[in-house]
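Annotation source TrEMBL lists domain 'MacB-like periplasmic core' at A:29-232. The annotation domain 'ABC3 transporter permease C-terminal' is assigned in TrEMBL to A:264-382, A:722-829. The transmembrane segment annotation in TrEMBL covers A:261-285, A:306-331, A:351-376, A:397-420, A:426-451, A:477-496, A:719-741, A:772-798, A:810-833.
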Amino acid sequence: MDKGKKAGFSWLAKMAWRDGRASYGKLTLFVLSIILGVAAVVSVHSFSGLLKENIAQRSKALLGADFVIESDQPITQKVEAIIDSLGGADAREINFPSMASFPGKGATKFVEVRGIDGGFPFYGELETVPQQAAGRYKEGKALVDATTMIQFNLKVGDSIKLGAKSFAIAGSLETVPGSTSVFGAIAPPVLIPLANIDDTGLVQTGSRIDYKYYFKAKENQDLEDLNKKLESILDEEHADLDTHLSEASRLGRRYDNFGKFLNLVGFISLLLGCVGIASGMGIYVQMKLRSIAVLKCLGASKKQSYLIFFIQIVCMGLIGGLFGIMFGYVLQQLFPILLGDLLPVDVNITLSFQSVLLGLSLGTAMSVLFALYPLMKTLYVSPLQTLRVVQENTSRSIRATFAVGLGIIGFVFCFAYWLLGDLARSIYFVMGLFVVFLVLTSVAQFFMAMLKKFFPHSWGFIARQSLKNLFRPQNQTLVLVLSIGIGTFLISTLYFTKDMLLEKAAMEDRANTANMILMDIQTTQVSAVAKTLQSSGFPVIDKIPIVTMRVEALKDKQVSEIRKDSTSQIGRWILNHEFRVTYRDSLVSSEKIVAGNWISRAQNEKSIPISVSSDFATMAQVDVGDEVTFNVQGKIMKTVVRSIREVDWTRLQPNFSIVFPIGVLENAPQFGVMTTRTSTDVGSAKLQQRLVSEFPNVSILDLKRILGLLEDILGKIGWVINFMAFFSIFVGIAVLMGAIYSSKHQRMRQGALLRTLGAKSSQILKMIALEYAVLGFLGAFMGVVLAVLGSSLLAYILFDTAFVPSSIPFMVILPSITILVFAIGVGTSIEIIRNSPISVLQKENE
Amino acid sequence: MRVMSKILKVQNLSKTYRSGDQDLHVLNNVSFEVSNGETFAIVGPSGSGKTTLLGLCAGLDKVDDGEIWLCDQNLIQLNEDGRALLRNQNVGFVFQDFQLLPTLTALENVIVPLELRGIKKAKEQGKELLAKVGLENRSGHYPSQLSGGEQQRVALARAFANKPAILFADEPTGNLDDETGAKIEKLLFELNKEQGTALVIVTHDLELAQRADKSIRLRSGKIEQTQG
């Protein structure tokens, strides 16, 4: 007898292909889950990487120069000497926020005035319409932000008035290095020649002015080395050096966090797909048991019959990964459209080798890991099944089950750590995911157990049959509750969070709440501005005096000494910042005392009792009783911290890090902030026009408009997040279709038997409809409930606010998802009633 | 003891299954022998233990008590994979419900045992076997595209593919009409003669049993009658 050689890998691969070829209908839906999951991860990961890369590549164009020295006060002689030693600045800029008015248009707007000289920008472009305007504005004209031009229907040649000076508009400004789109939406840039800044008369006490000196680096100049050398000297002089590299990395970090979050959402989609794979494989393997028994009967070993299906899974993972990469590539083209002008640079969409590797390894690893457990069943199939029905051996090796479970948790954790780069956060993520999975699994199991226990035997035939389908063997309850639940949880949580953020920023609609802030009011203007407000019919809600000062010493240690101490953990912001300080005798609504006692009025103490915000206390490392010495415009003032306040900075109202009691700063040089409330847009516009014409140096912040902008930004971010969350739902749909397809034969047989026994097609359809309606509702309801719990935790821990859930997820998301599941379930099952009972039964017997 | 001329030797074989809280004694102290090239029939009413005996003899199930020697190998001493290898090299099967792999074509079904042994010209041999059973034109068809008789002929071709020393047939004509059943029966005995394969048939069909060299009748797990 020819013994031959034992069948090797090529035979196993051949068998895997032969079997897969005939089962591609079922496998396609499993692969679809992987495709969608991998596409979600790859698109987000690749886009985040490209965004960072593009920022780094265009760092010079973003800054407009190689490096810049900047200060929020006129530079000192020492800084001037440093600039000279560097060969002098190649360009200079003075910028500040101010009100602009447009004579003839009857309009005003809060803008960022940028006075520039020299050849700025050295990199990137000053994009203007017309193109020549980029040079022409230097002839005493202005370039006005393009959106503002459209908003007020401005044309080249029209005027813009900044303070005391009117400028002819040379053109509209499309892009300019150094202006971010987010801040630009609140205070759009207006460029004028630096020489004309003084003519505006806007540089006064209290004005928030930035002085910038731009440089082009010499060839091979080491910018990091330069930064290291000058950092401490410039710090002492209240100046700072920024290189194009540090600017790019700062911007990159800002978008990185957003990318990480989206990556996690994408990863959850992938995990959902894997739940589908695990469940689908369970049903798939069940269908293959007889074939496995035949193979074993013909002489195939346990390992061989296992490997045939293992190879199929690996191939599914690879194919899913490959198509996922391609779909992800298409998908990431949508991100720039969805995010629009929130992106700092135009992103060139390419496909990186890293993304390809990520997609393939993720697809394969996840599908293999999640299929291992159901695949283990093949090992225990008895060849005796070929002769007769054998009681299925459901016991699996405990060690193998534990290893598979550990492998899944380990992989999820490693991937989360790779994305987040933070051990604690990765653990929280895995734990959070575990809790959500656990809760949904428990609810599904509990639901099935309760339904079995308290089965409504008195209900009609259709309802009874339909409900029985929810807990019969090979039911879809668990997998659908999981996938629908997680998808709904994500979408609802994102909705609640967005709501919470907006709620925090929104003003309560009360008569005495301010919605307009008037800044930079000189002491001599206070009463006149108040009179203007009152005569126009608007109330003066608050008059807030502001005195600027810098920290001179902390706990008897001079700031200059702290700067030299390389071990000091005190924040640079404390040492360099010019604080805007107010004085008053009571707390305001956005503050509460967390330590010490509030002092309303200063007595004749040696040290003045002050109150600091908790952020200031943390960064300055001071506590109640510690001394802080200030330099109040040349005068040294010793104070002692008497209370620490927690300040809600998200409230759109003037908030302060440092508050003095009354009786100290009244005679110091100061300026004021005033708040008022306007009820209509027309009234607000008229008031702004009047104020700008009478007090051109006063800046006006219209909180209503800012709130609108904030809503717009959150809306755009929300779009992308919702888009990703919907991916989870799409994956859930693929899983749902896969599950329906897998169990179709059983359902067809059941339907055919019922029809043979006299059930009508409409009755069978009603059974299916009720089953999916219940599953859809249960999954979506649990998702929304978990989202309420999750959002309450977020509100308590992160936002420190009371959470009142909006009804939208309950009224819109819950019914929409239920209807979607219902429609897909019924639509996919229609085949069951299309075939005649005899053809189904004959097919089953073949 | 070593069996030399006997392809199958069953000694004092007993088998018990657990059903609920009861033990079912399916086989009780069964002994018989099958020589090389011999045809052997196992008959008996439903539930007499015929199929269980066949499964045990082919190494598809574990023995509780007694011994089975198949092709000079004591099945008790082999693990599942060892028994699978023994089957692949020495045993062929024909089942009542054909047991073709539904996702494989007729030819692919036939060559599985050959490929499992790593035989290179499996396809050529498979085509020859299909020609022998008159299905050379149906090699690319899937089982669902074949009639019951055609499926059983494919199963026969598969059973003889690895030139087995012994072939086990469980009610080979049970699912077929009389005419097709007779054709399959004829083919089975022809191939048995041609290849010198020992044949063990489980059947209800007394006519078929009478064609065998030897037969036993089982009742309630015991041998009631031996012939030949």
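A Cβ is built for glycine as well, from the same backbone N, Cα and C atoms used for every other residue.
Predicted automatically and left uncurated, TrEMBL annotations should be read as such.
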Checklist entry - Same chain, outside the transmembrane segment (A:306-331) by at least 6, Cβ under 8 Å from its Cβ: which residues? => result 12-13, 15-16, 19-20, 27, 30-43, 46, 277, 281, 285, 288, 295, 349, 351, 355-356, 359-368, 371, 375, 378-379
Checklist entry - Between A:351-376, A:397-420, A:426-451, A:477-496, A:810-833, who has the most Cβ pairs under 8 Å to the transmembrane segment (A:772-798)? => result A:477-496
Item to check | Segment proximity, the transmembrane segment (A:261-285) to the transmembrane segment (A:397-420), 3 or more C-beta pairs under 8 Å | outcome: yes
Next on the checklist: Across the domain 'ABC3 transporter permease C-terminal' (A:264-382), what are the DSSP residue counts per state (helix, strand, coil)?
Outcome noted: 102 helix, 0 strand, 17 coil
